[in-house]
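Taken from TrEMBL, the feature signal peptide covers 1-25. According to TrEMBL, the feature Fe(2+) binding site maps to His154, His156, Glu160, His199. The Ni(2+) binding site feature in TrEMBL is assigned to His154, His156, Glu160, His199.
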Amino acid sequence: MVKRALLTKFLVLGLLVLQTSDVQADSRLESFVHDELQFSQGLGLPSIISFDSDFADDMLNGVDDVVQAWYMDDTTEEDQRLPHHRQPDDPVPLAKLLDLGIVAMRLDADNHENDENLTMIRGQRGYMHMDIVTLTPEKMANYEAMIKRFFEEHLHVDEEVRYCLEGSGYFDVRDDEDRWIRVSVRKGALMVVPAGIYHRFTLDANNYIKAMRLFSGGPDWTAYNRPHDHLPARKKYLAALHKRQE
């Protein structure tokens, strides 16, 4: 029951605008998603009133099987593709990711071409453009150099939406105290990373991921390596975090 309540709060506040009578803390998180971050075409558009409960149940089911997070150690110079757990392990609940403006859910990757849930999300959130990429040494020239490039700390001025169709990888994101959180994504995981948050990406030791990239406008992969604190997207994101902490 506790596990399901946590997942319900996570998805309802982060993706859906469902009718709720939760406590004041939940309203604060909902306000953070709706009013403060104001993702480009996403979380909290007034037109998103609710999703059918069957769809909500589908997306809640097993999200913590495909998305896990933990605070990282400081040894990524050894091999960025290793898990880099702290000792002892320091797990991060999915609700903490939501607290940072990061939304995660689980979809049916085997049926992505005909998935009604994905179609609904794309329509409601305005993700009108998409492509599919495969990252693996066999299909990428200069693979090692490329994953080092992905691992440079950066931000985007629009939200980043990635849906793992096969394989696995890691998103690393900075928390509100500038500590690294490693987020493991596996087949079926869809993640929305807000504009303005510093982050990076790497494959894991399996060296394989096939992912769908979703865009509200035309495809744009512009990355601004740290520091770019002067950008409006960064200032807006920090203001939202500070307001939430008041």
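Our numbering is plain: 1 for the first residue shown, then up by one each step along the chain.
Backbone N, Cα and C atoms are what each Cβ position is placed from, and that goes for glycine too.
TrEMBL feature annotations superimposed on the structure.
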residue : record              : Cβ neighbours (10 Å)
His154  : Fe(2+) binding site : 17
His156  : Fe(2+) binding site : 19
Glu160  : Fe(2+) binding site : 22
His199  : Fe(2+) binding site : 21
(request) Could you name the residues, excluding His154, His156, Glu160, His199, of the same chain that surround the Fe(2+) site, i.e. Cβ within 8 Å of the Cβ centre of those residues, in sequence order? (result) Leu155, Val193, Ile197, Tyr198, Arg200, Ala223
